[in-house]
Amino acid sequence: MFENLSDRLTDSLKHITGQAKLTEDNIKGTLREVRLALLEADVALLVVKDFISKVKDRAIGLDVSQHLNPGQEFVKIVREELEALMGEANEDLNLNAQPPAVIMMAGLQGAGKTTTVGKLGKFLKERHKKKVLVTSADIYRPAAIKQLETLATDLELEFHPSTGDQDPVDIANNAIADARRKQADVVIVDTAGRLHIDEEMMGEIKRLHAAINPVETLFVVDAMTGQDAANTAKAFNDALPLSGVILTKVDGDARGGAALSVRHITGKPIKFLGVGEKTDALEPFHPDRMASRILGMGDVLSLIEEAERKIDKQKAEKFAKKIKKGKGFNLEDFRDQLHQMKNMGGMTSLLDKLPGMGNLSQLAGDHLNEKMFDQMEAIINSMTPHERRFPDVINNSRKKRIATGSGTTLQDINRLLKQHKQMQKMMKKFSKKGAVANLMRGMGGMFGGGGPGGGMPPGGMPPGGMGGGMPPKF
Ligand code: GDP
Ligand code: MG
């Protein structure tokens, strides 16, 4: 999502960052381009108008800080307004209720409700240690109940069975009673959707809502439907007191219009993003990070969080200590890093989140992923332990041997050694920061200078700093 918008915005802002002075003219031109970029991303017109007028007002009354030039300050305004548009901070689920806390899903058919019930159940179980019970009030399609049952079984969530001849209100009430008996903390009620909004569906969901009075009423909506998503959200929001929105299929080629419109139009926060069909493809939504991502600064904070979850902490700490002590970053460490990256979902998912790398991930495609890691690992494995620790001793004839041993070419060996050098340099530079920050820096460095596939631009991470502050200089 957001690739095009991101490109367009960075392009249009490129011209203004270097400006020492903001004039009526350069503001006007840039604003026009920003406006077009947003419209092309399928952001609702009303939202675009409001956004542009806010940015304009602020740019005109600009109070330039010591650190930024007016052009940079302008970009900062755009970033902050993007963030505000999507809703200032991540809004958690409110589960402060006499247990069980009831969560109700609402949305059109095919939006991803049932899938999201599973994802959210897993999320609450694993990250918040909640005992979760799920039930389906979708009585129109027998397969829908079965679908949830299968999910619940796979994810080891409590499941309250239902049948097509029951009333949705009874199903939900029975499930809540069942949850109380089983001392579950949370009940998630899946509901039926229609292809379009119709009165019957709205009537039923209103009745269900009134009967079970959920603490969270989450509207699930397909991000690929663009600004239409925002309009559907509005219709649901008018009928029901929604507490939040979950945008699904953000992994597809959604243009971003939904994410940028839905908050403004409904006044309700986006709480989660669905980023894939798998049950762990659910991410808490962070407007600030998304704004950075849109402006090509990469979702570095999400990446760090993910790293903290998936990376072997002990190894990472040992590694950080070593670097801090000023010891070199050798090829064995490099191989460890490759392992960690593989654990984190491979190159495509990493590239997506690294600043300015959004587009490259598409180019890189899946084939780059595993194969590239495997190849790099094979190269390092073909070296002697001494060579891994002191790569400088590797001469040309050894390189040829290593290439033969690993089924690669001399070029591959040279590239790997170059990447390693680059990363080593990065490590040194940032050795005073925290452990994980270090790792991430290193990874950024790895993609710099001739990176994988040879076609990546130099630079890696933004010079502006880790996940905050200003966008990279354009
Ligand atoms: P429901 O009718 O609202 O219950 O929708 P389902 O949960 O049955 O999902 C409809 C389809 O969308 C299924 O094929 C899901 O696998 C798919 N889906 C749901 N969420 C996502 C997502 O975040 N990303 C992708 N790529 N597919 C999703
Ligand atoms: Mg369903």
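Yeah, the Cβs are placed from backbone N, Cα and C, and that goes for glycine too.
Taken from TrEMBL as is:
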- 107-114, 190-194, 248-251: GTP binding site (BINDING)
- 297-324: coiled coil (COILED)
- 269-282: domain 'SRP54-type proteins GTP-binding' (DOMAIN)
- 452-474: region 'Disordered' (REGION)
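Here the features listed in TrEMBL are placed on the structure.
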residue : record           : CB count, 10 Å
Gly107  : GTP binding site : 25
Gly110  : GTP binding site : 13
Lys113  : GTP binding site : 27
Thr191  : GTP binding site : 25
Arg194  : GTP binding site : 15
Val250  : GTP binding site : 25
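Close to ligand 1, meaning a Cβ under 6 Å from one of its atoms, are these of the binding-site residues Gly110, Lys113, Thr191, Arg194: Gly110, Lys113.
Sequence-distant contacts of the domain 'SRP54-type proteins GTP-binding' (269-282) (same chain, at least 6 residues past either end, Cβ-Cβ under 8 Å): 86-87, 90-93, 112, 115-116, 118-120, 122-123, 151, 154-155, 218, 220, 223, 244-251, 259, 262-263. Within the set of binding-site residues Gly107, Gly110, Lys113, Val250, Lys113 have a CB atom less than 6 Å from some atom of ligand 2. Secondary structure by DSSP for the domain 'SRP54-type proteins GTP-binding' (269-282): 0 helix, 6 strand, 8 coil.
Per-residue pLDDT, averaged across the domain 'SRP54-type proteins GTP-binding' (269-282), gives 93.
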